[in-house]
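Below: one structure, written as structure tokens.
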Amino acid sequence: MSGEQLTVRGLRVTFDGFTAVDGVDLDIHPGDLRFLIGPNGAGKTTLVDAVTGLVKATGSVRFGDQDLLGRPVHKIARMGIGRTFQTATVFDRLTVLQNLDIAAGAGRGPWTMLRPRKNIPEPVAKALETTGLTHLRDRLAGTLAHGQKQWLEIGMLLVQDVRLLLLDEPVAGMSHDEREATGTLLQHISADRTVVVIEHDMDFMRSYARSVSVLHAGKVLSEGTVAEVQADTRVQEVYLGRTTQPDPAPATAVAVAEEA
Amino acid sequence: MTVVLNQSLTGISIGAVLLLIALGLTLTFGQMGVINMAHGEFIMAGAYTTYVLQKSISSAGLSLLAALPIAFLAAGAMGALLEWLLIRRLYTRPLDTLLVTWGVSLMLQQLARDIFGAPNVQTTAPDLLTGNIALGGGITFANNRLFILGLALLSVLALTLVLKLTPLGRRIRAVVQNRDLAEVSGIATGQVDRITFFIGSGLAGIAGVALTLVGPIGPTTGTNYIVDAFLVVVVGGIGQLKGSVITAFALGILQSVLEYSTTLSVAKVIVLVAIVAFLQWRPQGLYTLRTRSLA
Amino acid sequence: MSGFSISRRGLLAGISAVGTSAALGACGAKTGDTTSTGSGAKADTSGDTVKVGLLNSLSGTMAISEVTVHNALLLAVKEINASGGVLGKKLEPVSQDGASDWPTFAEKAETLIKDDKVVATFGCWTSASRKAVKPVFERYKSLLFYPVQYEGLEQSPYIFYTGATTNQQIVPALDYLKKRGLTKLYLVGSDYVFPRTANKIIKAYAKANGMHVVGEDYAPLGSTEFGTIVNKVKDAGADAVFNTLNGDSNVAFFKEYKSAGLTAKSLPVLSVSIAEEEVKSIGTQYLDGQLTAWNYYETTPGAANTKFVAAYQAAYGKGKPTSDPMEAAYISLYLWKAMVEKAGSFDVTKVKAASDGIELDAPEGKVTVDGATQHVYKTARIGKVGSDGLITEVWNSGKPVKPDPYLKGYSWASQLS
Amino acid sequence: MTTTTTPAPAAVTPPPPSLPKRLRAPAALALGAVLLLGLAPAVLSDFRLNLLAKYLCYAIVAVGVSLAWGRGGLMVLGQGVFFGLGGYAMAMHLKLTDAAATGETLPDFMQLYGTGETLPWWWKPFADPAFALAMTVLLPMTLAALLGFFVFRRRVKGAYFAILSQALAAALSIWLIGQQATTGGTNGLTDIHGFFGYSLDDPVNQRMVYLIIATVLLLLMTGARRLFTSRYGELLVAVRDSEERVRFLGYDPANVKLVAYVLAAGTAGLAGALFVPAVGIISPALIGIVPSIGFVIGAAVGGRASLVGAVLGAIAVAWTQSTLSDAFPAAWTYLQGLLFVVAVGFLPGGLASLGAVLRRRRTATATTAPTTGERP
């Protein structure tokens with residue numbers, strides 16, 4: 001399939017002397033469904049933050065033939081890069097439909113903006129269907145169940161028509177059935193878009209990942225298919241070797257930084 | 001040359017007053033992020049404390065010294081009470097806190113009017129503080145200003161020591177930097193908030209004592225200073241004591257230099273506009289704590 | 001949906017149409033017209049009592065000063081009622097709070113005239129509040145008695161000015177300074193109308209009388225930072241300071257003044273806004289020996305004043321000082337009473353016509369109403385603050401000075417207005 | 001940190017089932033029109049009507065506050081500045097025409113307090129009615145656009161923005177006071193007799209002014225209502241609740257906020273301009289920090305996010321102040337303080353949300369109410 005490739009070279013992010021991302025190189029091909037894994041504090045979320053313009057970084061990040069570093073967040077978003085957050089961030093006091101409509105509208109002119117919505121735009125209707133939220137479209141987003149909020153967020157990325165989706169722990173806190181549904185959804189989406197997922201859930205990763213990058217202490221430790229990564233002894237040492245569950249140990253200031 | 005030196009000294013004394021009234025805010029606004037508009041009324045409470053003490057203790061010097069700790073406790077208690085009654089319910093809504101505490105400030109002003117009467121009152125300064133020190137060459141520094149300068153610097157020193165060296169200070173800083181983490185580490189964050197507020201408001205009380213040496217005491221004594229005080233903290237950088245110290249003196253000197261070359265009104269307008277412009281350029285203030293949550 | 005928006009547009013158009021046509025249909029007099037303008041408000045004089053309006057700031061920053069005036073007005077009302085009222089009718093005082101806010105003053109003036117139907121209104125302190133209510137009294141052809149010394153340059157047909165105009169306070173004060181040989185003046189004032197206008201007059205006077213203004217500074221109202229001004233005063237080589245600071249700022253100014261080592265001996269300050277009440281709140285230690293210019297002091301001799309001071313202190317507490325604006329307010333009711341009785345009517349036009357030549361043996365001495373200007377002949381008095389906090393007279397103009405709000409009788413003032 | 005269950009300002013109030021949702025707004029508007037344009041002039045005395053005109057001016061400011069603060073979450077604590085600019089623009093024109101009517105070239109106060117020679121250059125264009133009218137709105141909007149452009153772009157936090165606005169309000173009022181010769185100083189511009197050729201001393205014309213103000217208010221409310229329900233209105237709420245999220249959707253929230261801020265400024269300017277013929281004065285006392293805070297209290301009490309709530313709140317607060325402050329000046333100050341504390345602290349949706357809150361309380365006993373936690 002065609003599309004832009006995400007190319008990261010020598011990416012480095014520091015906070016007051018602490019280096020969260022320390023020289024990461026990453027190539028994500030169009031149509032990939034890439035999982036980023038690693039223990040807490042490995043720099044996964046910070047990496048996504050840097051790519052989407054939320055934090056300052058050095059090195060280079062290219063999407064297709066365009067440089068991303070130094071651009072403001074909303075410009076990067078308009079280039080077709082969208083993301084979700086660890087805690088689902090939807091507009092609680094707007095309806096599902098309004099949420100999706102806003103996500104669809106970044107390119108609208110002032111005249112359209114100043115008028116009420118007359119009917120449901122085509123992409124919004126499609127996204128409602130894809131995420132299975134059609135029957136909930138007039139509900140306030142704040143009253144949705146946790147899983148539904150996550151889907152709404154993904155739906156917002158779909159109507160936003162992004163080429164690259166960066167999802168931060170999309171199945172955290174979901175039931176088994178919801179995970180299955182989400183996984184299927186991601187596979188469906190990645191048919192014509194590139195998807196990057198940060199995840200702690202190893203079972204989920206094994207079921208759906210096409211490729212995996214393991215981050216540790218701000219660096220890429222290993223990269224490849226699920227089988228290749230699982231076979232890597234270094235990965236077993238720092239991460240998989242100890243447990244197949246997310247590392248529950250609360251870490252120091254680094255964990256704090258992850259919260260944002 | 002004499003003019004420049006004299007104006008610099010005037011600027012330093014304006015700065016000392018600014019610093020003293022802003023010091024409490026570096027805690028409650030700077031550290032805790034609470035916009036407490038009733039802070040001015042804690043200053044007023046400190047000033048009235050001095051007035052009441054002077055009526056019962058006839059010696060001006062003694063009553064002034066006694067007023068310092070008592071005003072600290074009185075204003076601090078008011079602050080802690082306000083925190084407990086209202087502010088702790090509003091930590092997630094800083095802007096609403098502004099309006100709520102403005103309401104409190106209106107009520108406290110009226111209360112002062114009902115207790116002490118609408119007319120301003122004044123205290124007698126001890127003789128020691130009414131003269132001036134001649135530095136030679138026509139340069140003088142008023143004793144009351146010297147006292148305020150000393151008081152301001154002492155307060156800064158004390159506050160720094162408390163924050164840096166005591167267990168209480170460590171707890172305050174821990175709560176400021178990461179409330180959740182502090183909580184799971186076993187710090188009673190609610191209690192720390194109240195103590196922080198107590199100290200911040202108490203410092204306003206001390207500022208109130210100092211203001212009795214400068215001007216009249218009235219129900220609106222505090223309000224007149226409140227915006228200036230917030231500006232000092234904002235320009236200095238939220239949560240940065242050294243920023244506030246530098247800003248207070250810088251603004252004082254800027255004000256006094258402009259006053260000399262223009263008029264008081266124009267100087268005030270220029271200073272305010274300069275602050276607005278400065279914050280466009282550096283919205284985070286002079287000094288800043290860089291954390292990811294602020295990005 | 002489209003039908004809905006059409007209906008809304010229709011509704012909107014309807015509102016605009018109704019609003020506009022109603023507005024246009026309601027159009028009344030054009031600005032040039034004189035026929036239908038004004039609607040003389042009908043004061044209610046039908047009952048056994050008549051209402052008089054008292055319009056003072058009972059709250060806000062000006063309450064400090066205006067409450068004392070309000071007290072003096074109430075005292076006069078009480079006394080007049082005790083002696084049988086006016087034209088056989090008892091006075092019923094209606095107090096409205098101007099709240100130290102000028103638009104509120106205008107609103108309250110209208111309330112007094114239209115709602116309470118008062119026969120006359122007494123009050124206002126600041127020039128700003130007077131300017132705000134002036135059009136209201138003119139529109140409804142109702143009377144205001146204004147009791148505070150002010151900057152002159154005004155003569156509303158519906159206002160009686162019972163305080164001093166500039167030629168009864170500022171000009172005599174300058175005469176006094178000139179006589180003492182204090183010819184180099186530094187002008188310090190609050191940043192509002194009275195000080196700025198007063199200083200304009202002072203500069204014109206100085207130019208014509210061989211005096212020099214060596215500096216001029218204004219502090220924002222409520223300012224407490226006087227370090228710079230005092231530094232400037234010290235460096236300017238002045239003989240005297242002419243002080244038009246508003247009450248509160250005086251505390252900070254005089255504290256700074258004393259801290260800088262300046263005294264009444266080395267560099268006297270002549271103040272025109274410091275009365276007995278202010279002396280008390282500034283502190284006599286800071287004011288000892290400084291000069292003031294007024295038309296009345298608590299110590300002014302005479303039986304009328306002894307009676308006034310005793311009555312005031314009996315009503316409001318021992319040791320409460322009386323001051324010039326309070327006295328001017330107190331006599332304003334008596335002057336109005338005399339005018340009404342001379343006219344034999346509460347009617348505004350008749351009262352105005354009867355005003356010329358009304359005399360009163362006031363606490364400040366003899367005062368006479370000048371019908372042409374609606375001001376009052378007053379004796380100018382320069383006083384000195386004593387260590388007991390009282391002000392004693394050191395000089396007076398000898399006889400009541402004819403009010404001259406536009407300073408027409410002074411050739412040096414010809415450029416002023 | 002404990003989660004507060006304080007009700008959040010309701011952005012979307014569910015309609016009562018009796019009246020179809022789409023007919024509610026026009027019905028309310030029609031009712032408002034009948035009350036303000038029909039009933040009030042018929043039953044109120046000239047004096048009361050004039051007072052109402054003044055309250056309606058505050059209500060016009062509240063329309064903008066409801067947009068910027070209620071919907072956009074922008075704490076607009078500098079509305080006094082924009083109100084003042086609009087008021088001064090209008091008053092300058094009226095003073096000039098008043099002067100011209102009596103054959104003078106200078107307004108009365110300039111002859112008294114100024115150098116008395118020539119009109120300052122920046123007064124001259126205000127002699128033109130079209131220019132002056134345009135300036136009543138454009139001046140505040142331009143200033144707001146300039147300030148907002150920098151402030152929102154630099155992502156200045158809400159607290160900063162509030163304090164900056166206050167500093168600006170203080171600066172403008174001090175400046176106006178200091179320039180007595182050209183601005184009238186503390187007195188402000190007063191003693192205004194004419195209004196575009198009509199004498200304000202004539203009560204009939206005062207009624208005309210009232211009708212204009214009422215019409216402007218109704219039109220603005222309609223416009224604001226339309227804006228609230230537009231896509232922009234939804235986006236504004238989204239920016240208020242999660243600015244960062246909106247940014248990741250490809251919008252620049254700075255622009256979204258700027259529009260609301262500038263519109264609110266223009267509204268306040270218009271209110272100031274209408275205040276002048278209604279009350280006959282504009283002065284620095286209406287511009288400083290205290291009145292600027294006063295402008296938001298009405299909206300806070302009535303319900304900042306509800307347009308009708310904010311407007312009614314502004315009128316009610318002004319009316320209460322007028323009536324209560326005479327009889328009990330002290331009581332009014334306490335009440336005013338209490339209003340801030342209760343309305344903002346415990347009922348952030350204002351009185352408009354009282355019904356919803358009570359309903360929620362009642363149902364909360366039976367089922368667990370959904371907690372809508374406030375965004376930190």
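Placement of Cβ uses the backbone N, Cα and C atoms for every residue, glycine included.
All TrEMBL annotations are machine predictions without curation.
Listed in TrEMBL for this protein:
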type	residues	note
TRANSMEM	D:25-44	transmembrane segment
TRANSMEM	D:51-69	transmembrane segment
TRANSMEM	D:130-152	transmembrane segment
TRANSMEM	D:159-178	transmembrane segment
TRANSMEM	D:208-228	transmembrane segment
TRANSMEM	D:258-275	transmembrane segment
TRANSMEM	D:281-298	transmembrane segment
TRANSMEM	D:305-322	transmembrane segment
TRANSMEM	D:334-358	transmembrane segment
Between the transmembrane segment (D:305-322) and the transmembrane segment (D:258-275), are there at least three Cβ pairs closer than 8 Å, leaving out pairs fewer than 6 positions apart? no
Looking at the transmembrane segment (D:281-298) and the transmembrane segment (D:51-69), are there 3+ C-beta pairs under 8 A, with each pair at least 6 apart in sequence? yes
With CB pairs under 8 Å as the measure, which of the listed stretches D:25-44, D:130-152, D:159-178, D:208-228, D:258-275 comes out on top against the transmembrane segment (D:51-69)? D:258-275
Range from D:25-44, D:159-178, D:258-275 with most C-beta pairs under 8 A to the transmembrane segment (D:130-152): D:258-275
Given a Cβ distance threshold of under 8 angstroms, which distant residues of the chain, six or more beyond its ends, lie next to the transmembrane segment (D:159-178)? 74-78, 80-81, 84, 88, 147, 151, 185-186, 188, 284-285, 287-289, 292
Under 8 Å between C-beta atoms and at least six residues away from its ends: which parts of the chain pack against the transmembrane segment (D:208-228)? 25, 29, 32-33, 36-37, 40-41, 49-50, 52-53, 56-57, 59-60, 63, 66-67, 71, 195, 198, 200, 263, 267, 270, 274, 277-278, 307-308, 311
